[in-house]
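Listed in Swiss-Prot:
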BINDING   40-47, 175-181, 200-204, 269-272, Ala326  GTP binding site
BINDING   Ser47, Thr181  Mg(2+) binding site
COMPBIAS  8-26  compositional bias 'Basic and acidic residues'
DOMAIN    32-354  domain 'G-alpha'
LIPID     Gly2  N-myristoyl glycine
REGION    1-26  region 'Disordered'
REGION    35-48  region 'G1 motif'
REGION    173-181  region 'G2 motif'
REGION    196-205  region 'G3 motif'
REGION    265-272  region 'G4 motif'
REGION    324-329  region 'G5 motif'
Amino acid sequence: MGIGISSESKESAKRSKELEKKLQEDAERDARTVKLLLLGAGESGKSTIVKQMKIIHKNGYSEQECMEFKAVIYSNTLQSILAIVKAMATLEIDYVNPRSAEDQQQLCAMANTLEDGSMTPELAEIIKRLWRDPGVQACFERASEYQLNDSAAYYLNDLDRIAAPGYVPNEQDVLHSRVKTTGIIETQFSFKDLHFRMFDVGGQRSERKKWIHCFEGVTCIIFCAALSAYDMVLVEDEEVNRMHESLHLFNSICNHKYFATTSIVLFLNKKDLFQEKVTKVHLSICFPEYTGPNTFEDAGNYIKNQFLDLNLKKEDKEIYSHMTCATDTQNVKFVFDAVTDIIIKENLKDCGLF
């Protein structure tokens, strides 16, 4: 009988030890788990950052995964040229090529009958001819006056490759593809001995009510704002400037009671498009009080300070900001490395080790 009790207590002690070990492992894993929330207005580049995490930290996209984006890429390309030709009527811009009016009619007819996400050789030729028309190019230059995908020129300039038989999208094609995010998308990866759980939440107004579910236990917020959106209006409300909306949103996030102790990193994104645009469109279109030089550096710093000045607790809370180009893998890799170092430093500070 004594032997039975002894082996039972041994078994119990063993179970207890295993449970203790598991609890310790869970606690260590939790301590190394970083919950990252990607927030920002619609079309600020959040989903592109998520794609970059897959490329940088999860072995990228396989050929099969790239092929899954083919229909999206064709759909983005078609929607872009349709948006431009539709805007030509609104902006009263004429075609230069006599054949273009007929091409436009054919384009619209084919768009209505073709299966979504497909590209026939005939359709590709029509799109190429229209894209070459100087009137279409003039309309494209005024893209901030209507809604057009940022990737329009990327795909339309490369239509020969994209429409070729046997086309397989590459990672850059995937990064430029655009699908509106609805709901919450979670991506997990490991880096610098940390386990990241990154949450991408739809940025358009109708999606924002879902954010509240993500707020608990957030380690760090990455807020994305498109620098190039300073002369653009919202898709969901054409009375509202996109930059003003972004500032309003950042203000509510930055000073929210939920995030009093949360690290906040500001990604001033689409710096490549901003650099191109700022030479043509003065920043005063968005900030009438701005009288400085319309250079990338001066105008970019002014926008950055507009965001940073919204922080009501500057003495307690530092906002870290980076100029980014979400489609540039090396840039995102460099910036995310810096963000991870901030997270590690903040964690050490919380533990009293820094």
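From the backbone N, Cα and C atoms, a Cβ is placed for every residue, glycine too.
In summary, the region 'G2 motif' (173-181) lies against the region 'G1 motif' (35-48): three or more C-beta pairs, each 6 or more positions apart in sequence, are under 8 Å. Less than 8 angstroms from the CB of Asn269 (GTP binding site) sit Ser44, Gly45, Cys224, Ala225, Ala226, Leu227, Thr324, Cys325, Ala326, each of them six or more residues away in the same chain. Restricting the binding-site residues Gly40, Leu175, Val201 to those with a CA within 10 Å of the CA of Thr181 (Mg(2+) binding site) leaves Val201, listed by sequence position. The DSSP breakdown of the region 'G5 motif' (324-329) into helical (H, G, I), extended (E, B) and coil residues amounts to 1 helix, 0 strand, 5 coil.
Cα-Cα distance from Val201 (GTP binding site) to Ser47 (Mg(2+) binding site): 9 Å (rounded to the nearest whole number). Annotation note: Val201 (GTP binding site) sits in a strand segment as assigned by DSSP. Under 8 Å from some Cβ of the compositional bias 'Basic and acidic residues' (8-26) lies no Cβ of any residue in the same chain that is six or more residues away from its ends.
DSSP assigns Thr181 (Mg(2+) binding site) to coil in the three-state reduction, placing it in neither a helix nor a strand. Shown are the binding-site residues Leu175, Val179, Val201, Ala326; of these, the residue with the fewest other Cβ atoms within 10 Å is Val179. Counting residues per DSSP class in helix, strand and coil order gives 3 helix, 6 strand, 5 coil for the region 'G1 motif' (35-48). Neighbour density for Ser47 (Mg(2+) binding site): within 10 A of its CB lie 22 other CB atoms from the protein chains shown. In this structure the C-alpha atoms belonging to Ser47 (Mg(2+) binding site) and Gly40 (GTP binding site) are separated by 11 Å. Of all the Cβ atoms in the protein chains shown, 25 others lie within 10 Å of the Cβ of Gly40 (GTP binding site). Averaged across the region 'G2 motif' (173-181), pLDDT in this predicted model comes to 92. Remark: secondary structure over the compositional bias 'Basic and acidic residues' (8-26) totals 19 helix, 0 strand, 0 coil, with classes taken from DSSP.
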